[in-house]
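Colleague: Pulled these from TrEMBL:
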- 1-67: region 'Disordered' (REGION)
- 1-12: compositional bias 'Basic and acidic residues' (COMPBIAS)
- 28-43: compositional bias 'Polar residues' (COMPBIAS)
- 111-518: domain 'Amino acid transporter transmembrane' (DOMAIN)
- 114-136: transmembrane segment (TRANSMEM)
- 142-164: transmembrane segment (TRANSMEM)
- 193-218: transmembrane segment (TRANSMEM)
- 238-254: transmembrane segment (TRANSMEM)
- 261-282: transmembrane segment (TRANSMEM)
- 302-319: transmembrane segment (TRANSMEM)
- 350-370: transmembrane segment (TRANSMEM)
- 395-419: transmembrane segment (TRANSMEM)
- 440-460: transmembrane segment (TRANSMEM)
- 466-486: transmembrane segment (TRANSMEM)
- 498-522: transmembrane segment (TRANSMEM)
Amino acid sequence: MDEEIPELRELRSIPVTPRGLTPAISAPPSQLHSPSLTRSPLLTPTGGGGIKTPARTSGARTPLRTPRFMTPLASPMRRAVVSMRGYLEDVGHLTRLDPQDQWLPITESRNGNAYYSAFHTLSSGVGFQALVLPVAFTFLGWTWGIICLTIAFIWQMYTLWILIQLHESVPGTRYCRYLQLTMATFGEKLGKVVALFPTMYLSAGTCTALIIVGGGSLKLFFEIVCGPNCGSKPLTAIEWYLVFVCLAVVLAQLPNLNSIAGISLIGAVTAVIYCTMIWTISVAKGRLPGVSYEPVKAKSDIARVLGVLNALGIIAFAFRGHNLVLEIQGTMPSTLKHPSHVPMWRGVKVAYLIIAMCLYPIAIGGYWAYGNMIPPNGVLTALYAFHTKDTARSLLGLTTLLVVINCLSCFQIYAMPVFDNLESGYTSKHNKPCPRWLRSGFRAFFGGVAFLIAVAFPFLSSLAGLIGGIALPVTLAYPCFMWALIKKPERYSAMWYINWGLGCLGVLLSILLVAGGIWSLIDTGLKLHFFKPN
């Protein structure tokens, strides 16, 4: 750090003058050896017509001091040096920022804080994917379901900590995007190969799934509010998807990641509320008659293994959002005295404490209430399938509306990396920020593409296990490799074994989950109803 700030090193290397031995001089330390000042009569203690230091009187020790009127010039200079030193300490290492960062939506604003970190992390970390967790328990059972969920939670918390620490792993450089860190770690070509598709898939694929879930929830909300005797002609599923996309594109006109902090807060609050409502209503209604908690009996050993792999993929899918951690941290200011990893980690800890309070009750409570009878789409579908008649329509309607609001909020934060990538191509080519009309066009264009994919592949929300396998390296494997390659822990030390071991295990598990998910789809015969959303 001293190499980058030689002035600060010089200031710190000046020896302190002992008090009481020589007069206290109010000159800046860097000017102590200046010939012009040492020859000044103001600094001459005796003789030569200069001002003498007051003599000591007998019987009393008078401390030697320089009168205030003797330093009219030195005091402003000293204040200037002290203020400059404070500025250097506040700024710390002069981070070399890409000039284009001030034009892109992720890094356009850098006034984030721990609260914004908690809002964004909670909004991206909990949502509709939590509703599928009880399905994983049907393959794993009580014991292994809780054990696997706990291991995955601890593992992803560790990789979160790694990413936050690696955000400024190189002094003077900030990696504000996941892809930037992978390219700096693995090289430009290999970094793009291993990370570009998973991160873009997580962003675009999650936005598509949010359109499917949010549009379907809008349709269900209308049916609940209208009632069984409704005379109006309802919209089709495709039309409800279009309504959801239009709402999402309107919200997407907010300029940057910091500007959607309020939307992330709304999304986080709605997710916590509807998760709590769903498991509370399910548990309050009691267990279904004839419910069973035995793991699903498979036709063969291969089918049993595939079921377990699919369950692990569902758990991995529940812990998404790592592709947004560096982006969220990039919205924060960072100095030597106040590095960005401190408020970021504080916000992440609070967010994941709340996420754990949502995931565990909905997984355990949902499995307790429905057991092996839970539908493949999760506990929300089970609530409407089994408790429509004995639950107030107002509760069902409120739960559905909260799901819609949460999907609209999550769409914004997951779409932000795509918006950033689209605008980055323009700014790098033209060396100027995107005009407002073009920025709005990019966001409307992405909304239209996501809508077409949602209409063409309306079964994407049923592929939780396969999606979890594809996204698993981004969450659990790559951060461990990054730490081992950037921090270079001592060979065969504990950190060396932990990171290389977890990284290799994550890659192996991802390969197994993807293979198992594809085989499971073939074995169970998923109905691929293209362009036919229900």
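Just so you know, glycine gets a Cβ as well, placed from its N, Cα and C.
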Colleague: Return the stretch with the most CB pairs under 8 A relative to the transmembrane segment (142-164), choosing among 193-218, 440-460, 466-486.
Modeller: 466-486
Colleague: Are there residues at least six beyond either end of the transmembrane segment (261-282) with Cβ under 8 Å to its Cβ atoms? List them, or say none.
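Modeller: Same-chain contacts beyond the flanks: 112, 115-116, 118-120, 122-124, 126-127, 130-131, 251, 254, 351, 354, 357-358, 361-362, 365-366, 369-370, 379-380, 382-383, 387, 391, 395, 398-399, 402-403, 405-406, 408-410, 412-413.
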Colleague: Considering pairs 6 or more residues apart, do the transmembrane segment (114-136) and the transmembrane segment (302-319) have at least three CB pairs under 8 Å?
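Modeller: These two segments touch.
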Colleague: Are the transmembrane segment (466-486) and the transmembrane segment (193-218) close enough that 3 or more Cβ pairs fall under 8 Å, when only pairs 6 or more apart in sequence count?
Modeller: yes
Colleague: So are the transmembrane segment (440-460) and the transmembrane segment (238-254) touching or not, going by 3+ C-beta pairs under 8 A with a sequence gap of 6 or more?
Modeller: yes
Colleague: Who are the chain neighbours of the transmembrane segment (498-522) in space, where the CB to CB distance is under 8 Å and they lie at least 6 residues beyond its ends?
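Modeller: For the transmembrane segment (498-522), the far contacts come to 155, 158, 305-307, 309-310, 312-313, 316, 463, 465-466, 468-470, 472-473, 476-478, 480-481, 483-484, 489.
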Colleague: So, taking each listed stretch (238-254, 302-319, 395-419) in turn and counting its Cβ pairs to the transmembrane segment (466-486) that are under 8 angstroms, which one gives the highest count?
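Modeller: If we count Cβ pairs closer than 8 Å to the transmembrane segment (466-486), 302-319 scores highest.
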Colleague: Please indicate, using numbers and ranges, the residues of the same chain that are 6 or more beyond the transmembrane segment (395-419) and have a C-beta under 8 Å from a C-beta there.
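Modeller: Distant contacts of the transmembrane segment (395-419): 105-106, 120, 123-124, 127-128, 177, 199-200, 202-204, 206-207, 210-211, 213-214, 217-218, 220-221, 224-225, 244, 247-248, 251-252, 254, 257, 260, 263-264, 266-268, 270-271, 273-274, 277-278, 281, 323-324, 327, 380, 383-384, 388, 439, 442-443, 446, 450.
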